[in-house]
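Notes follow the structure.
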Amino acid sequence: MISNLRISNYFIIFYVLFLIIPIKVTSIHFVDSQHNVILILTDDQDIELGSMDFMPKTSQIMKERGTEFTSGYVTTPICCPSRSTILTGLYVHNHHVHTNNQNCTGVEWRKVHEKKSIGVYLQEAGYRTAYLGKYLNEYDGSYIPPGWDEWHAIVKNSKFYNYTMNSNGEREKFGSEYEKDYFTDLVTNRSLKFIDKHIKIRAWQPFALIISYPAPHGPEDPAPQFAHMFENEISHRTGSWNFAPNPDKQWLLQRTGKMNDVHISFTDLLHRRRLQTLQSVDEGIERLFNLLRELNQLWNTYAIYTSDHGYHLGQFGLLKGKNMPYEFDIRVPFFMRGPGIPRNVTFNEIVTNVDIAPTMLHIAGVPKPARMNGRSLLELVALKKKKKKHMTALKPWRDTILIERGKMPKLKKIRDRYIKQKKKFNKENRLSKECKRRKWQRDCVHGQLWKCYYTVEDRWRIYKCRDNWSDQCSCRKKREISNYDDDDIDEFLTYADRENFSEGHEWYQGEFEDSGEVGEELDGHRSKRGILSKCSCSRNVSHPIKLLEQKMSKKHYLKYKKKPQNGSLKPKDCSLPQMNCFTHTASHWKTPPLWPEELGEFCFCQNCNNNTYWCLRTKNETHNFLYCEFVTEFISFYDFNTDPDQLINAVYSLDIGVLEQLSEQLRNLRKCKNRQCEIWSTSQMLRSPKLVDLRVNEKSFLTYQPEKT
């Protein structure tokens with residue numbers, strides 16, 4: 001009996017060991033399979049304006065030897081909120097860093113979210129972690145965030161010279177000497193030093209490194225050896241460049257006019273400087289991968305390259321900046337390479353900054369925390385491989401993401417907002433309102449381009465004063481008779497809107513120091529505005545200041561502009577309530593290429609407090625659109641299949657049922673938590689047969705169509 005009991009006990013022990021040993025072996029195998037992981041993050045780098053075309057080394061290393069995600073997006077086009085998303089894997093409404101000020105390294109961030117960053121998770125998984133470069137905009141350098149073994153972060157925002165860093169707990173100050181102070185090179189040098197030292201001393205331990213470059217963020221100081229490059233480069237002039245004003249878009253763009261020659265010169269020079277700063281990043285990437293090759297670590301290292309958001313330079317008349325829910329601000333470079341990642345391949349599926357944290361943890365063999373909202377990119381790679389082999393066991397990839405900026409209050413029902421907006425922007429209503437103005441009811445006097453008249457059907461119609469139009473207008477085209485009246489109404493309303501904005505001083509760009517006298521000069525010509533611009537092509541009507549330039553030679557205009565004026569808009573006056581404005585002067589840039597003094601200075605308002613929105617960005621085999629709701633109750637919809645530059649707000653062409661479904665999906669994504677966000681990131685409704693075609697024909701509500709070529 002005792003013998004049988006012993007045998008039974010031995011059997012139990014053997015059975016328990018049998019259960020335990022595979023677990024331990026699996027665990028060891030999991031740790032042994034951990035790879036090094038590097039995240040390379042740039043600051044304000046676009047993809048829409050062509051910046052990657054000027055980084056050949058990075059393109060070869062990351063694109064040709066890795067995978068490009070052509071639909072790489074950020075879920076918010078603002079620095080600190082986007083970076084907080086990258087570090088946590090959370091949407092903005094879950095980490096509550098809504099702006100570059102509010103909670104950017106604030107109390108909630110430090111007490112809650114910073115303690116659950118990818119650095120903490122990777123460190124706990126046995127990685128040696130390092131962070132170098134820009135952290136968050138309001139980081140004051142007084143502490144080292146949890147999770148980082150090696151820490152070299154700039155205090156506050158990006159700079160290239162004259163900055164302070166927290167280097168492993170010690171504050172370091174840097175000057176203006178290129179060889180030892182240039183921040184981009186310093187980030188590269190210290191990153192290489194970290195890798196080299198780590199591999200030589202701790203080769204058995206995987207490392208995780210975030211390299212956060214300042215380029216091409218302002219003040220856009222290029223390294224001296226690159227300051228001569230890219231003269232006359234204008235790749236930033238996309239289809240939406242200087243397409244303004246836009247009465248069918250949100251409040252700010254309704255009040256942003258076309259750029260004049262000085263503004264255009266500014267965007268050209270700023271684009272050039274941005275590309276120049278990226279050359280140091282390009283060299284740094286090459287040096288980084290050369291070192292990994294020398295240390296025999298390429299086979300064992302994953303790398304991700306992306307930016308915190310995009311940028312605009314003249315798009316829709318906006319001189320510079322981010323913050324907008326358009327492709328140029330939300331779409332970013334997005335590349336990945338490493339073991340098992342296909343080479344020289346492009347994926348079109350939507351990926352975002354919310355996916356970076358889950359991806360880095362997946363590489364480390366760490367299960368994704370339930371709180372994270374994104375998904376590992378390795379799952380997408382596996383899914384593509386499975387599809388290629390006709391295996392569909394994995395969950396399908398998303399086709400929709402949330403784009404958000406700021407806190408959204410409770411709004412009225414979408415149907416009520418839509419009807420109100422549709423009524424406001426209806427052509428007939430707008431035509432009636434405009435034609436009631438006395439100046440359009442008078443007979444065709446010299447210089448007048450349009451006349452309104454009332455028909456027997458009690459409707460306003462417009463009459464073109466043909467004797468006052470130039471026969472030399474190259475922009476005028478022969479049109480079909482059936483479309484003649486409707487096209488004339490389009491042209492008239494566009495012209496009237498632009499004139500109304502200019503007469504009302506509502507243009508939020510280009511206020512020069514001598515704006516007082518420019519305004520007086522314009523006042524003398526307002527009654528004759530038609531004389532100044534008889535050839536009124538809707539896409540070529542200029543900013544009001546441009547009208548003065550048309551009457552003055554360039555030499556005289558520059559001389560006139562430099563002369564001090566009474567009542568001028570001084571730099572300290574460059575502000576408007578609820579607006580974010582800046583003054584550009586010749587002293588703004590300290591390094592070549594410099595702003596020509598003869599072009600003077602100007603004020604520009606690039607953002608406003610009511611530019612708060614939540615959007616759906618959807619892209620799949622049948623649909624490709626952006627749907628947005630603004631805090632002002634404004635609604636917009638852009639169909640990329642027919643309008644890739646987002647020139648037309650086509651919301652009035654949507655069926656009300658589709659609109660309500662889009663609004664419902666947006667509402668659910670706005671409040672999603674944890675893994676719910678992935679559930680609401682699939683547009684199931686768009687697969688309904690009756691909703692395959694999102695649009696219906698309501699031509700009278702398509703307010704501003706671009707000229708057909």
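Every residue, even glycine, has its Cβ placed from backbone N, Cα and C.
Annotated features, as they stand in Swiss-Prot:
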type	residues	note
SIGNAL	1-27	signal peptide
BINDING	D43, D44, C79, D308, H309	Ca(2+) binding site
MOD_RES	C79	3-oxoalanine (Cys)
ACT_SITE	C79	active site, nucleophile
CARBOHYD	N103	N-linked glycosylation site
CARBOHYD	N162	N-linked glycosylation site
CARBOHYD	N189	N-linked glycosylation site
CARBOHYD	N344	N-linked glycosylation site
CARBOHYD	N468	N-linked glycosylation site
CARBOHYD	N500	N-linked glycosylation site
CARBOHYD	N540	N-linked glycosylation site
CARBOHYD	N566	N-linked glycosylation site
CARBOHYD	N610	N-linked glycosylation site
CARBOHYD	N620	N-linked glycosylation site
- line: Cα of H309 (Ca(2+) binding site) to Cα of N103 (N-linked glycosylation site), in Å and rounded, measures 19
Spatial neighbours, same chain, of N344 (N-linked glycosylation site) - Cβ under 8 Å, 6+ residues apart: K63, E64, R65, G66
Statement: Quick note, N162 (N-linked glycosylation site): same-chain residues at least 6 apart with CB under 8 Å of its CB -> F174, G175, S176, D181
Query: If we check Cα distances from N103 (N-linked glycosylation site), which of the binding-site residues D43, D44, D308 wins as closest?
result: D308
Query: Counting across all protein chains shown, how many other Cβ atoms sit within 10 Å of the Cβ of N610 (N-linked glycosylation site)?
result: 16
- request: Compare the Cα of C79 (Ca(2+) binding site) against each of the glycosylation sites N189, N610, N620 and report the nearest.
  value: N610
- prompt: Taking just the CA atoms, what is the gap between D308 (Ca(2+) binding site) and N610 (N-linked glycosylation site) in Å?
  reply: 22
Field: All-chain count of other Cβ atoms within 10 Å of H309 (Ca(2+) binding site)
entry: 28
- line: Given the Ca(2+) site D43, D44, C79, D308, H309, its other Cβ neighbours within 8 Å of the Cβ centroid, in chain order, are T42, Q45, I78, S82, R83, H217, S307, K322
Field: The one of D43, D44, D308 whose CB sees the fewest other CB atoms within 10 Å, among these binding-site residues
entry: D43
Query: Could you state the CA-to-CA distance between D43 (Ca(2+) binding site) and N620 (N-linked glycosylation site) to the nearest Å?
result: 29
Query: Which of the recorded positions D44, N189, N620 has its Cα closest in space to the Cα of N610 (N-linked glycosylation site)?
result: D44
For the recorded positions C79, N103, N189, N620, the one whose C-beta sees the most other C-beta atoms within 10 angstroms: C79
